[in-house]
Amino acid sequence: MIIRKPTRKWEKLPGKNTFCCDGRVMMARQKGVFYLTLFLIVGTCSLFFAFECPYLAVHLSPAIPVFAVLLFIFVMAMLLRTSFSDPGVLPRALPEEANFIEMEIEAANGNVLAGQRPPPRIKNVQINNQIVKLKYCYTCKIFRPPRASHCSICDNCVDRFDHHCPWVGNCVGKRNYRYFYLFTLSLSLLTIYIFAFNIVHVVLREYRSKKMFHVDSLTPHCTVLEVLVCFFTIWSVVGLTGFHTYLISLNQTTNEDIKGSWSGKNRVQNPYSHKNIIKNCCEVLCSPTFPSVLDRRGVMLEDSSSPTHSDASAASTHKSSNPVSQTTKSSAPLIPNEHTPDEAKPGIGAGTQKSTSSPKGEKPPSPTSPNAVAPAVIKESTH
Amino acid sequence: MATEFHNLQELRHSASLANKVFIQRDYTDGTVCKFQTKFPSELDSRIERTLFEDTVKTLNNYYAEAEKIGGQSYLEGCLACLTVYLIFLCIETRYEKVLKKISRYIQEQNEKVYAPRGLLITDPIERGMRVIEISVYEDRGSSGSSSGSSTTSSSGR
């Protein structure tokens, strides 16, 4: 008897992510720079542990390599956590929800004359007595929540979108921002630490050159290499940490800072800031860990004839390339795989979402109602 | 025509989905998870306003409890940071615990309040915490106009 491997929901998620370990790991498609980051960190630290640490442990203190190891472990853990976790991807709207929103928009816009451009799809909401505009995402077919933005590289809307970081190979958003910050902070410390002890090592060698010990001709080259790497890293990483510390104290995202959302006289003041640095830091770094709303590892119900719902969990694997195909599904007569809440597993695991089971090669035309704006016209891409 | 269902099972087997109503998020307090308590007109004849508002308010309270930034969240955050977040392999975060409570609450509400009225609430987590989806069912025998949205519950499939 052949036991078929169950199809997990991550396999059907739209967008341009890659998934590993059967949906446990979620990253962007381009991972080259991430591998470079890994190589630089692991390589430099290996050289440090191999060549400097034995000397420093003996002549200064054994605590030096111990602390270096702890710091290294912390840096790697934060890097992997940032890279592999769901940044806070918002699942795309199911056809009914998309249609519901379309009907609302049409009702709000009234009759659009032929040939006239329909008004932009914007919703105004009042947050803490400030008017904030919510934009409509034509890819995901939702009005983006405040602070969410669509990442064109990953082709997802991400909640509290900060930026897409090629160095970690993932977007930085609500769920992994604190890990990203801790990664840059700890990497700054590690770089400064290695840089400082390289200098100490060189100085000590100079002063103790009369002592009898085996002179390793390779050591000076490694030291120079490490110093070079650390020097250039310090400028960039320490600067980045400082920048993000500034953003956190103001409760802003990189995206908002770049766009100048809250700066300028005529603009709205940041409605999310508590006007208190401590409170802002606490909210960003100490708030509860948000769960992923993408159910990556949930099992798809076996029904090949109709589109299966993929859970909204942020773990979206983007194997299907065209989100437009999702709306085509709404005209399909039966969608049998919709879970009722009764069957849903408690907690995050539950959830179904219509998966785009349309043939991958084909791009079925999206159903267009007479007043619908062509999806391709306005597409917010943020980076 | 009022449709009566005794339990969720009956709802699934003898009813067909007529419509879906989506309760949107309320962003007036910022990005915290909160849903609008405005009573949708489509449910006018199906359920009492107070019952609906109670459900949404309770859900909002649950989410507020989950997202509360206070002593417990600091402790959780600090402990997690010290253990390099490996502690989450062993214990559940507070948010996840509250989500389970929410799931149980929704199931209970469905069984006691909504299914007897031919309605079904979908847990917001299944819709990305964007909307509360309320499915409106019509009794198959009585209604001739099943809407074309044609989403049927998955029980039979």
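Every residue gets a Cβ built from N, Cα and C, even glycine.
Those TrEMBL annotations? Automatic predictions, nothing curated.
Taken from TrEMBL, the feature transmembrane segment covers A:33-51 (among others).
Annotation comment: TrEMBL describes A:63-80 (among others) as transmembrane segment.
Summarised by DSSP class, the composition of the domain 'Palmitoyltransferase DHHC' (A:133-259) is 70 helix, 19 strand, 38 coil. Feature annotation from TrEMBL assigns domain 'Palmitoyltransferase DHHC' to A:133-259.
Summarising the annotation, TrEMBL assigns transmembrane segment to A:179-204 (among others).
For A:224-243 (among others), the entry in TrEMBL reads transmembrane segment. If one looks beyond the transmembrane segment (A:224-243) by at least 6 residues along the same chain, the residues whose Cβ comes under 8 Å of a Cβ in the stretch are 40, 44, 47-48, 52, 181, 184-185, 187-188, 191-192, 194-195, 198-199.
Sequence annotations record features per position, and here TrEMBL assigns region 'Disordered' to A:302-383.
The compositional bias 'Polar residues' annotation in TrEMBL covers A:303-331.
Same-chain residues lying 6 or more positions outside the transmembrane segment (A:33-51) and placing a CB less than 8 Å from one of its CB atoms are 27, 65, 68-69, 72, 75-76, 79, 83, 166-170, 187, 190, 194, 197-198, 216, 218-219, 222-223, 225-226, 229-230, 233.
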